[in-house]
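Undergrad: Right, I'll just put the structure down here and ask away after.
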Amino acid sequence: MAQNAPLILRLVASSITAVNRAGKIIRDVMSQGDLGIVEKGKNDLQTEADRSAQRCIVTSLSRQFPSVTIIGEEGPSNCEVPSDWVVTDSDPQVLQLQCPEELGSVLDHEVVVWVDPLDGTSEYTQGLLDHVTVLVGIAVGGRAIGGVIHQPYYNYETVNGDDMGRTLWGISGIGTGGFEPQLPPEGRRIITTTRSHSNSVVQAALDALHPDEILRVGGAGHKVMLLMEGKAHAYVFASPGCKRWDTCAPEAVLVAMGGHLTDMHGNSYCYNKDTPHQNTGGVLATAKGEDHSWYLRNLPDTIRQTLV
Ligand code: AMP
Ligand code: MG
Ligand code: MG
């Protein structure tokens, strides 16, 4: 690794190789056929793939960045991991990027890394493989400034084995890589939302916005990807169900391409290490940052009041 590259670039570059390795673990668990499903709570599953992918990512990053705080969805990951799950190389192109001045001097203890080792677990267990993402978000001063999103099953219908999958990244003040950002079509309103965690408030928020089309898909990562690929204008989820690890990486990549993500009140989430994990104010994300205020204006207060 280029040890002299700024910390933020080294973190993103190492996260890229870690999520790629985690994606292979996720595919291997599925092809071996025993998902080892555990119910963490109501409508909240964990599989062997969630557990193993987290151990791979957290161990790989903490070996390289021992003073950085890493918070993973599946709890502490300090047990033994197979040696071939620990990756310490990094993406060479990201290490070459020019880092903006305000991020160039960030120190290890100022960074918090939020890891969702498998976002879209319900859909994974149901075989909706293209809804699955692996998320590593990087926060400084409570703000999501860097993100890596891996899709382990990207192109799975046309490509075999470990040739499938792709990894995207975004860094505040630099931009994005690994995909071609696209803007959604003018003159329509396409909204994406949950497919497995809906309720009457979630639906009422959608109804109030009169969308032309609703895309109900799994995973916060996958939904924000739809915004970044120009397939939806907004992600609207009037529920406290998402956690910081669901939104940190997607927010950072989305913002790096000009989008915006807040709670339903228009407030940004804080990603420092002492923050509560639950996104109690819901999620409102727009592909174009300038569209955000329209959604905020048109969401009824009665819905907002259900989300603190
Ligand atoms: P979804 O859009 O339903 O796929 O949810 C996005 C992320 O938030 C996933 O990681 C879900 O597990 C999580 N999530 C959303 N709603 C809930 C809920 N009611 N209970 C547990 N997790 C949830
Ligand atoms: Mg998740
Ligand atoms: Mg998860």
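Cβ atoms here come from the backbone N, Cα and C positions, even for glycine.
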Undergrad: Per TrEMBL, what member of Asp207, Asp212, Asp246 joins Glu73, Asp116, Leu118, Asp119 in binding Mg(2+) at one site?
TA: Asp246
Undergrad: Output the one of Glu73, Asp116, Asp119, Asp246 that, of all these binding-site residues, has the highest number of other Cβ atoms within 10 Å of its Cβ.
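TA: Buried the deepest by this measure is Asp116.
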Undergrad: What are the non-local neighbours of Leu118 (Mg(2+) binding site), defined as same-chain residues 6+ apart in sequence with CB under 8 A from its CB?
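TA: Within the chain, Leu118 (Mg(2+) binding site) has Cβ neighbours under 8 Å at Ile26, Thr47, Ala49, Asp50, Ala53, Tyr124, Val132, Val134.
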Undergrad: Which binding-site residues among Glu73, Leu118, Asp119, Asp246 have CB under 6 Å of ligand 1?
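TA: Checked binding-site residues vs ligand 1; flagged Asp119, Asp246.
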Undergrad: Taking the centroid of the Cβ atoms of Glu73, Asp116, Leu118, Asp119, Asp246 (Mg(2+) site), which other same-chain residues have Cβ within 8 Å of it?
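TA: Neighbours within 8 Å of the Cβ centroid, excluding Glu73, Asp116, Leu118, Asp119, Asp246: Asp50, Val115, Pro117, Gly120, Thr121, Thr133, Val134, Leu135, Gly219, Ala220, Gly221, Lys243, Trp245.
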Undergrad: What kind of secondary structure is Leu118 (Mg(2+) binding site) part of, going by DSSP in three states?
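TA: In the DSSP reduction, Leu118 (Mg(2+) binding site) maps to strand.
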